Amino acid sequence: MFLFKSICADRRTMHFHYLKKINLVIFVLLLFDLSSGNTTQTDTVSKTLQTSNLQTNQSTTVDITTVTPRYNPNKIPRSLRLPNTTYPLNYHLHIVSYVHREEFQYNGNITIEISVRESTNEIVLHAKNLTITAISMRELNTHVTLDDLTYTYNERANFLIIHPIENYQAFEAGQRYRLEILYKGYLQKNTFGIYWMAYKDEKNGTVYVTATQFEPTSARLAFPCYDEPSFKANFTISLTHSSYYTAISNVMVRQIEPYIDVNAALGGIDGSMLTTTFHTTPAISTYLVAFVISDFVYISEEYRGILQRIFTSPHVADKGRRALKNAIRTVSTFEDYFGIDYALPKLDHVLLKRNYGSAMENWGLITYNEDKLVHWEGADLHKRQSDILMQNHEIAHQWFGNLVSPEWWSYAWLNEGFATYFSYVVTDMLYPDFKVMEFFLTDIAERAYSLNYITVRPMTHYVENNTEILSIFDIISYHRAACVIKMFHHAFNQKTFIKGISQYLRK
């Protein structure tokens, strides 16, 4: 009897461990399938809006004249999703800002190296509220400039469609092209795209700050691009700005060069400016590209080869030391926990008077509402817990969302659910006295399951237009997804779960 019980117990144990391994494989495969790739959906659109000659003239003053091509891409049924026929490899972006002179229009120059996956008669990318002044395109192998092209704009989809005047396959599979677009854009008053804010300095002078918020679909407000998360590419960014300001972006500065605004100098205005150029980023989704132009000051600390800086306006200088210490500890804890190093040489934390939401997890440059990090001294325990969890949520995104991104916004819960759950896990590790995992039940689980009614959407829910995409960032993507991930964590032992997560992050 004892032997029989032992054999049965051994078999049950073997079967249990086998099921756990099978479940782990399924879990990891599910995550792999949902992370960054390319898919398309279909929808119909019918509105013809604008068709213009494609210009090869490099002057920013060139006018775009209206033509009527024999091929009109707006007459075909069209999805709101980008086609997969072409793919961006790298971007070179140069923006010249005159906000220091209270001019809120900027000049932009974007060069995109494009790979053609399937032969096609059009190249489709996003642009919104931008004035195109010139476009040129050439094939990289032959260096031949394509001069029989035009472009059409589809307002409903925010598509800039470059295509031949005649209907033929102008772009051959396997070829690479260099597309250059000169354009003008506007700094936004709201917190989408490239936006501006101002504050008064100690002499009552007005100081302007320029920042970005591209998630989920606002990079197209800043520059023409493939504005979907699966279309990752390398970015090399140059920013021309007042010599009284500094610029930061996702990665470190490569060089700073003087730039003279000739028109200002001729008008008797100080035309001295600077062009700050940054190192090239890793392959990155457009929604994670970021930069800030300001007169901010910073405090910094380097640990394990990662430089972390807290940028603030001068009037709250030195108020972010606790936030800096927390960031140092949190990054190193995540590295140890997942066995995966933070991918960049620096991580900046920028405190802004105006920011969309509490914070934004741009890769290497997190932006926050100022009051979230600078007022910890004297704050009550609940506020300190809340602000630390918020900061750790954004740091978690440097792995979940930045290192590995969902292929489409239907899977936003992969970003937000993991970041929410692991912000609690790491905060509990660093601040055990806070007992935040007890608060998880009231802060997260109660909210998540308060939506238990028949019409609630599933976590993975197809969205297509901008309104639907914004709506996906809700309690389900943040809280319910975090609860499901917590259940997975408890279904496996710690070693097995972390092994699966590490495999997902290493994909």
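Heads up, the Cβ atoms here are built off N, Cα and C, so glycines get one too.
TrEMBL entries are annotated by machine, without manual review.
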Need a hand: TrEMBL gives His393, His397 for Zn(2+), which of Glu370, Glu416 is also on that list?
Glu416
Using an 8 Å cut-off from the Cβ centroid of His393, His397, Glu416, can you name the remaining same-chain residues around the Zn(2+) site, in sequence order?
Glu361, Glu394, Ala396, Phe400, Gly401, Asn415, Phe418, Ala419, Thr420, Ser423, Tyr478
Please report the three-state DSSP label of His397 (Zn(2+) binding site).
coil
Cα of His393 (Zn(2+) binding site) to Cα of Tyr478 (site 'Transition state stabilizer'): how many Å, rounded?
11
Out of the recorded positions listed (Glu394, His397, Glu416), which are within 10 Å of Tyr478 (site 'Transition state stabilizer'), Cα to Cα?
Glu416
